[in-house]
Amino acid sequence: MPLRLQPRGAGTKSAAASASSSSPAAPAPPAPSGRRPPPAAREPPAGPKPLLRWDEVPDDFVECFILSGYRRLPCTAQECVASVLKPTNETLNFWTHFIPLLLFLSKFCRLFFLSGRDDLPFHHPWLLPLWCYASGVLLTFAMSCTAHVFSCLSLRLRAAFFYLDYASISYYGFGSTVAYYYYLLPGLSLLDASVMTPYVQQRLGWHVDCSGLIAAYRALVLPVAFVLAVACTVACCKSRGDWCAYPFALRTFVFVMPLSMACPIMLESWLFDLRAENPTLFVHFYRRYFWLVVAAFFNVSKLPERIQPGLFDIVGHSHQLFHIFTFLSIYDQMHYVEEGLRQFLEAPPAAPTLLGTVGYMVLLVLCLALVIRRFLSVADLCKED
């Protein structure tokens, strides 16, 4: 269970504050000639606000085993932006997703606008699933950067930004499922009734027509993924409450759930020779899930800062490592989604519809917005600074 550090002397802070506010401060004695005034009589130096320790910030800002490098609350927007160039405990959280954001933005610009194919403009219906996937990837990196930079504007805005961060991850997960549905799943033998029906009869001796089951799966995969995206956002927003003893473990488990929509690819590799049929998909698919396992390990274990609290406050703590490995997982995913697009364009089974791609994404945005609005309306999560 991740240990949450409790501020030292928390019980005396309010008493000391009330005592100091109820009685007038005694005037400082005049400084002797030729001497500097005592520290209490000097004005604080002008300039940037100093960084704080864990026992100098509100409990909601304290991260497990991170002892220093906290920004003062509240900061202005300008101070938040300037802090990305200072050694705070959020600086590398920003850069480990901002650099991937630029990389993927460049990659998608080349795919949509610089592909060199005059017969495939960026608005072609065949590219609609790729637009859904691209918007999910870019949004999740952009929202993560925003949440980490502006999390010290106020308590309420901190909660709002992290709710939006959770929603963007769910949006990305559903966008990935849309890309899988059109570009990857149609090429699987597992979802081809003409292959699976004789396969089941030969291996199991069952005389079953698999066409009905496959048709049912195809009809349900996007609605189920949609419901999972909304449910995951609700669970992660609730994990920020005091009732949740294992918030990082819960969030990690919740965001693993949508990955189950890729199970057909895994089953394909077990039942058929996916390595030979589609080596790009095989290699990058399993390497992606290796990176995700490593990312989940760091996110739940809180290593290495759990071993030596204070040593990794600025560089090397678990959330930075979590960002790096999630980036690597999406980078591998991008490889096999692009390969799936190439195979799809060679022989498209059916043109994606606007309603079945962008329509789903717009509806999901509306549902996620309602979820976030609902949680922000809860009184104990909407305290202004």
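Any Cβ shown, glycine's included, is placed from N, Cα and C.
Listed in TrEMBL:
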- HIS148, HIS319, HIS323: Zn(2+) binding site (BINDING)
- 8-25: compositional bias 'Low complexity' (COMPBIAS)
- 26-48: compositional bias 'Pro residues' (COMPBIAS)
- 1-52: region 'Disordered' (REGION)
- 94-114: transmembrane segment (TRANSMEM)
- 126-150: transmembrane segment (TRANSMEM)
- 162-183: transmembrane segment (TRANSMEM)
- 215-236: transmembrane segment (TRANSMEM)
- 248-267: transmembrane segment (TRANSMEM)
- 351-372: transmembrane segment (TRANSMEM)
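Feature map: annotations from TrEMBL on the structure.
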{"residue": "HIS148", "record": "Zn(2+) binding site", "CB count, 10 Å": "28"}
{"residue": "HIS319", "record": "Zn(2+) binding site", "CB count, 10 Å": "21"}
{"residue": "HIS323", "record": "Zn(2+) binding site", "CB count, 10 Å": "25"}
Original post:
Taking 126-150, 162-183, 248-267, 351-372 as candidates, which has the most Cβ pairs under 8 Å with the transmembrane segment (215-236)?
Top reply: 162-183
Original post:
Taking 94-114, 126-150, 248-267, 351-372 as candidates, which has the most Cβ pairs under 8 Å with the transmembrane segment (162-183)?
Top reply: 126-150
Original post:
Beyond HIS148, HIS319, HIS323, what residues of that chain have CB atoms within 8 A of the centre of the Zn(2+) site's CB atoms?
Top reply: GLU90, LEU92, ASN93, PHE94, THR96, HIS97, SER144, GLN320, PHE322
**OP:** Residue list, the transmembrane segment (126-150) vs rest of chain: Cβ under 8 Å, 6 or more residues beyond ends.
**Re:** 77, 80-81, 83-84, 90, 93-94, 97-98, 100-101, 104-105, 108, 111-112, 120, 157, 161-162, 164-165, 167-169, 171-176, 178-179, 181-183, 323, 330, 334, 337, 341, 344-345, 348, 351-354, 357-358, 360-361
